Amino acid sequence: MPKLQEMMTIVSQREVASNIFEIVLKGELVEEMDLPGQFLHLAVPNASMLLRRPISISSWDKVAKTCTILYRIGDETSGTYEISKLQTGAKIDVMGPLGNGFPVDEVVSTDKILIVGGGIGVPPLYELAKQLEEKNCQMTILLGFASEKVKILEKEFAELKNVSLKIATDDGSYGTKGHIGMLLEEVDFEVDALYTCGAPAMLKAVAKKYDQLERLYISMESRMACGIGACYACVEHDKEDENHALKVCEDGPVFLGKQLLL
């Protein structure tokens, strides 16, 4: 039976952008990580905070038994702030990997791939891009951030082969000035598969433009309680059945575009 919970060790923790932290974790759970886009459910190291925090996996190294996650912290009363205070060598209670990830098996070298990420929705797209790199397909990656202060993973994406990378910031402090929809409008090739994760407004823009695309994969961000589909705290509307609730933690966080009513 797969291992789904472990006290993982913090190898390192650092602030990589304004209020955005990166943790490298080590443990046996890494052996279970195969699909990009899945998430970990972290217990907050404060007994008064019972609910775990869902954080997408950005990348992993099975040889080293390590994985990397990036997350944005809230104020001093938040669970993520408590997690950010943990030091190298500390242990943290982790469940995972959980959820449904991005499928990559159908991708072939002749495919033209579009990856669209916004803000803290960018990290899970990095492991995806790493796996797609092995397929030798052409990737166009569009990333959007509020400002240069919160820009993440540019260097990592840029180092991948067969990648065309473009960045937009809302305030114009880096890259193209404006929201990521402006970069989306510049896409002038026929997309074979599209992968996206970010804020609801961005996801709606992507889904509207590519609503006829068969291989449109959308990763939803949502608050979660149990993380295993029992509590129905993280539901989305099913486009094909209005009486059916899709659970982000169990049915997602990655969905086919045709499943979601955004």
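Heads up, residue numbers simply count up from 1 along the chain you see.
Cβ atoms are placed via backbone N, Cα and C, with glycine included.
Curation plays no part in TrEMBL annotations; they are all automatic predictions.
What TrEMBL says about this one:
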- 3-104: domain 'FAD-binding FR-type' (DOMAIN)
- ARG53, PRO54, ILE55, SER56, LEU70, TYR71, ARG72, GLY79, THR80: FAD binding site (BINDING)
- CYS226, CYS231, CYS234, CYS249: [2Fe-2S] cluster binding site (BINDING)
- Task: Write out the long-range same-chain contacts of LEU70 (FAD binding site), meaning residues 6 or more apart in sequence whose Cβ is under 8 Å from its Cβ.
- Result: VAL16, ILE20, PHE21, GLU22, ILE23, ILE55, SER58, ILE120, PRO123, ILE152, LEU153
- Message: Given a separation of at least six residues and a C-beta threshold under 8 Å, show me what packs close to THR80 (FAD binding site) in the same chain.
- Response: ARG53, TYR71, ARG72, ILE73, GLY74
- Message: For the FAD site (ARG53, PRO54, ILE55, SER56, LEU70, TYR71, ARG72, GLY79, THR80), what does the 8 A shell look like? I mean other same-chain residues with CB within 8 A of the CB centroid.
- Response: LEU42, ILE69, ILE83, ILE120
- Item | Among ARG53, ARG72, which are binding-site residues, the residue with the most C-beta atoms within 10 angstroms of its C-beta | ARG53
- What is the number of other Cβ atoms found within 10 Å of the Cβ of ILE55 (FAD binding site)? 22
- In the domain 'FAD-binding FR-type' (3-104), how many residues does DSSP put in helix, strand and coil? 11 helix, 49 strand, 42 coil
